[in-house]
C-alpha cells in the first residue's frame, strides 16, 4: 500500500515533466527560426528547391513546439489501460474541443513522419530521376507533401479522438490510479484512454481498433523510411553515380543528417509511444519513470532535429557559430558601452 509520501513524490514528479518539455520547446522555438533564416538566405549551400522542404520541416517543428507549450502531455498506464492527458494549462479541463485538440497534438507525431517521407522521396528522385523532380516538384511536389502530412494528421486525430476518447467507463477504471499518482480527478480532465481488458465490450473494442490502426500507419511509415533510406545510401556509395564531387559530398552530408532526423523521432517518440501502448496489453508495471520519460521524449524530439543539420553540414555549422559569436560580440559591446557611460558619469561628478 503506497504511503502519503509516495503520493506526494509522484505528484511532484508529474508536475515537473511538462516543465521539462516546455523548456525544450522554448529551445526549439529559438533554433528553428534561425534554421529558416540560414536556409532561405545562404547562397553557398546550393540547395535549389530542396530549401523549400527544409523550410517546411522547420515550420512543422515550430508548430509542434507551440502545440507542446499549449498542450503539455503526460502518460499514465494502469493495469490494462494506457492514457495520455493534458497535465496543465488552458486545455486541461474536460470539453469536447479540448479532447479534439489533444487528439490533434498526438497526430503531430505521425505528421513528423509524413514530413520525413517527403524528404526521403526528394533525395531518392535527385539520385534516380532528377529530370522528373525538376519538372514537377515546384509547385506540385511541395503541395502534395503538405496534403500527405495533413492526411497523417487527420488519420491520427480521428482514431485518437473517436476510438480512444476518455469515455465515462474508461475514466472510472483509472480514476484511483490517477488520483494516487497525479493528485487530480480524471473525471474533469482532458484525456485519451485505451483499455484492452477489464472493461465494457464497446470500450475494449474501440480501444483495440484505435491503437491497432495507429500502429499500422506508424509501422508503414518506418518501412517507408528504411526502404528508401537503403536505396539512397546504396546509390550514393556506388561508382555509377554521375555527379560532381562537390555535389555528391553535399548530398551525402544531407543524407546523413536526414537519417539522424529520421532516427530521432523513431527513438524518442515512436518507440516510447509503441512501448506505452502495448505495455498494458500484458498488464506489466515497469515503473513510473518509463511513463514520465515517454512524456518528456515526445516533447523534446523536435528540438533535436535541427542539430542533425548543424552537425553534418559544415555550412550550417559555420553559420550557427557566426550567429552565436555575433550575439556574444553584441553583448560584450553593450557591456563595454555601459561601463564607459558609468565611468564618464562618475568622472563628471568628481569634476
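Positions of Cβ are set from backbone N, Cα and C atoms, glycine also.
Where the annotation comes from TrEMBL, it is an automatic prediction and has not been curated.
TrEMBL annotations:
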TRANSMEM  20-40  transmembrane segment
TRANSMEM  52-80  transmembrane segment
TRANSMEM  100-125  transmembrane segment
TRANSMEM  137-164  transmembrane segment
TRANSMEM  209-233  transmembrane segment
TRANSMEM  254-277  transmembrane segment
TRANSMEM  289-313  transmembrane segment
Contact set, same chain, for the transmembrane segment (100-125): CB under 8 Å, 6 or more residues outside the stretch: 50, 53, 56-57, 60, 63-64, 67-68, 70-71, 73, 84-86, 91, 132-133, 137, 141, 145, 148-149, 151-158, 160-161, 165, 190-192, 214, 217-218, 221-222, 224-225, 228-229, 231-232, 251, 254-255, 258, 261-262, 265, 269-270, 273, 298, 301-302
Stretch of maximal Cβ-Cβ contact with the transmembrane segment (137-164) [cut-off: under 8 Å; candidates 52-80, 209-233, 254-277]: 209-233
Same-chain residue ranges lying at least 6 outside the transmembrane segment (209-233) that approach it to Cβ under 8 Å: 82, 110, 113-114, 116-117, 120-121, 123-124, 127-128, 152, 155-156, 159-160, 162-164, 194, 255, 258-259, 262, 266, 270, 273-274, 277
